[in-house]
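Noted in TrEMBL for the protein shown:
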- 12-33: transmembrane segment (TRANSMEM)
- 69-257: domain 'Aminopeptidase N-like N-terminal' (DOMAIN)
- 292-495: domain 'Peptidase M1 membrane alanine aminopeptidase' (DOMAIN)
- His364, His368, Glu387: Zn(2+) binding site (BINDING)
- Glu365: active site, proton acceptor (ACT_SITE)
- Tyr449: site 'Transition state stabilizer' (SITE)
- 614-932: domain 'ERAP1-like C-terminal' (DOMAIN)
Amino acid sequence: MANSCRKLIFNIYIVFYCSAVIMPQICICSQFTSSPIDQFNKDPKAFPVATNGEMFPWHELRLPTVVIPLHYDLLIHPNLTSLDFVASEKIEVLVRDATQFIILHSKDLEILNASLQSEEDVRYKKPGENLTVLSYPAHQQIALLVPEKLRAHLRYSVAIDFQAKLADGFEGFYKSTYRTLGGETRTIAVTDFEPTEARMAFPCFDEPLFKANFSIKIRRESRHIALSNMPKVKTIELEGGLLEDHFETTVRMSTYLVAYIVCDFTSVSGTASSGVKVSIYASPDKWSQTHYALEASLKLLDFYENYFDIHYPLPKLDLVAIPDFASGAMENWGLITYRETSLLFDPKTSSTSDKLWVTEVIAHELAHQWFGNLVTMEWWNDIWLKEGFATYMELISLNITYPELQFDDSFSNTCFEVIKRDSLNSSHPISNEAKTATQINEMFDAVSYNKGACILNMLKDFLSEETFRKGIIHYLKKFTYRNAKNDDLWHSLSNNCLEGDSTSGGFCYSDSRKTSNTLAFLRENVELKEMMATWTLQKGIPLVVVKREGRSLRLQQERFLSGVFKEDPEWGTLQERYLWHIPVTYSTSSSQAIHRHILKLKTDTVDLSEKTDWVKFNVDSNGYYIVHYEGQGWDELITLLNQNHTLLRPKDRLGLIHDAFQLVSAGRLTLDKALDLTRYLQHETSIPALLKGLEYLELFYRMVERRNISDVTENLKHYLLQYFKPVIDTQSWLDEGSVWDRMLRSTVLKLACYLNHAPCIQKATELFSQWMESSGKLNIPTDVLTIVYSVGAQTTAGWNYLLEQYELSLSGAEKNKILYALSTSKHQEKLMKLIELGMEGKVIKTQDLATLLFTTARNPKGQQLAWNFVKENWTHLLKKFELGSFPIRMIISGTTSHFSSKDELQEVELFFESLKTQGSHLDIFQIILETISKNIKWLEKNLPTLRKWLLTSI
């Protein structure tokens, strides 16, 4: 899944036994020492009460493992007029231990009847025995009670008839609507099951470990088509004009990957080199926006099949643009679903950033067809094994398939983003305990995605690209159609000799040559698990402190904590028991070679071979750690940047800017020193580094602007426009140049117009007027579209016209730009109207409400408005979005995390406390409180310094 975001220690799962069952490669591990029946008979009072008042025979959140599914036969008939569905299923199960009940997941489904057949009953076509069904909604479970005890090692067939309404939200089997060009509203039915919502569509063993095969049949009207994971094999005509589509049986997979859609979409198709048919589906009026996605999908599928040395195992791959979708995309095997803005590309309104995003998301979801689908984590605590890998594979795949997108230069920001989160004490380990549905939902965050990707990239840099690739191929081949955990990955990377690759010495060869890095590592491979445990089983990010003493480097590691200073009383306690095995890299003035060292201790010393004027650690920002230079270290680097910044690699300059301002937040570097480092940016030739410096300065501007600190706001505005004037003045208002040229143009002109830079306002106003006069038909360059709309939205006539165009536009990319522009209005009544439209869900879709509240809260005129709205409408918001879901977390974070006063902190604390008393508790509450406290502390410590520095700089 693409999103784009807890506990103190990693939960150690104690496995008491693991027994293989009849089918090959099926292994279900149990954490229970006795059978469920024994537990129930021993102490029935310890078990919950079902909805009918009877005792429910199971009390754990996780399902028992005495019965496991082998095959599901599903028949689904959605009615897109009455907005409900009727369905039936037959589940072939294997009984591992004798039992008198079967526990399944079921949520919001009406079970009409259930029956059971033994293998003998099926063979002789005997009718099934009716089963008693008990329901325990608190755990989203049902129990099927059997008349006679099921015998171990036998197979049975469970038949269930059920029905439900199509869900109103974005989970389970839900309805989605779109408007045609002619104004007609049409409805489709679509599934989204990750992580725990397959149970909303059919009773099932809804945990990733319970893999099975699925045979799916869908009934529909002739005006619709049906799609599922596998190709359609036949269509049967039924009475009343209904059609029944039968799909091929799937490969073994987890329930969260099952998918089906009933819609009236059209498609464009192509064939990959391996013969896989790839199709892009969208609503008929948006068919013209599907072509780029097809090109990218074909290219990326070919790349992955070659890179992993494993063919994509299904005969087809569909990518579908869904009108209502909560996240960015979902990797259902063979039927990937996307938010429209993550798949469709309109050359007239989609910017370079939009194109990069679409390509990233496609790359991410296609990587999941191997990482996540082919090999699945055992439980959601290790979600990073798929999400971290898919995020990492974006980097690897796009560097090869789309070098012109220069994605390699964007990846550092993937790590920088999560460092903000991971440097708070409220962070959590990558591999983290998750039991409830809410806790599982919260695992889909920046730590699982971004940090997972960053430590994989660091490990690849440490092992070498070839060794790392061989290791992950070994991992994928060994666990194909199975489940894996952390240790399985480390073992594969430590023992990556595939069959036929090894010699008597036990080392791997490549083209008859031994890779020196591989050999060096293999001699120490017993340490890999230990090393990587320090990155996955403990939270946080290390700080490497470097002090140069002659030809020696004194290294020290500690836990990096943003917002906690060394002099704070809690600092020492928060450092206890934290130690990483850090593969540090460095370069010096005397050698551009990359030197390597593993820092395993709190302190260590590295000897240099010759005298050096400066040393720079974390070469190319490949390591997941912050670096602080004690003594004259920072002064030497600032001098170097001012004299000849090109002596440092572009990514090293980028990393220095990032680390300097992060160290300010931890009280380890003064703000004036970090700001002095940015003075060289007038001469910077690397756009990512230039944008990173600009990002921090803009961040400070918006912080003081929101707090209405007028003198600093004005001086910082003057400094930005004066200091970056050469960059601003050289920007054209055309779509030209490289990807980074175009992103620089969008960023710099957007800031210039926000700061009311007269030439920028004048040009944007001129283009907006021309666009209005052309009745919206003028093609404005896409890279400046948001800027032009935002300036135009400042007048009443312009704002109203933009809202009209928003309703008419068929481009999701354009609608996003218009909605952002509308949210920049300085009129609160207009902002309130937008939020109300978002809640209503017709003109502005509910899926866009979280983003709307976020952008409104970033507007000084809208920050209090958005926050008040969330407080007053919390109950209504929970009816639209599931607690713990990405939209809810985005709404909470987006409307509060920028606060920087003690009064605001107290207000947020009181609100969170009130939610806890109502039963709504999220880990993000503590993250927000820490973030606001950090903002308060930053201003208290650094505002005087910023004020003084500006006075001497303008």
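Residue numbering: from 1, along the chain as shown.
Glycine is no exception: its Cβ is also placed from the backbone N, Cα and C atoms.
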Restricting to the domain 'Aminopeptidase N-like N-terminal' (69-257), what is the model's mean pLDDT?
97
Among the binding-site residues His364, His368, which residue has its Cβ surrounded by the fewest other Cβ atoms within 10 Å?
His368
Determine, for the Zn(2+) site, the additional residues of the same chain whose CB lies within 8 Å of the mean position of the CB atoms of His364, His368, Glu387; present them in sequence order.
Met1, Ala2, Glu331, Glu365, Ala367, Phe371, Gly372, Lys386, Phe389, Ala390, Thr391, Met393, Tyr449
Taking only same-chain residues 6+ apart in sequence, whose CB is under 8 Å from that of Glu365 (active site, proton acceptor), what do you get?
Ala2, Leu319, Ala329, Met330, Glu331, Ile336, Tyr338, Ala390
Inside 10 Å of the Cβ of Tyr449 (site 'Transition state stabilizer'), count up the other Cβ atoms and send me the figure.
29
Using a 10 Å cut-off, grab the number of neighbouring Cβ atoms around the Cβ of Glu387 (Zn(2+) binding site), all chains included.
30
What does the structure give for the C-alpha distance between Tyr449 (site 'Transition state stabilizer') and His368 (Zn(2+) binding site)? Integer Å is fine.
12
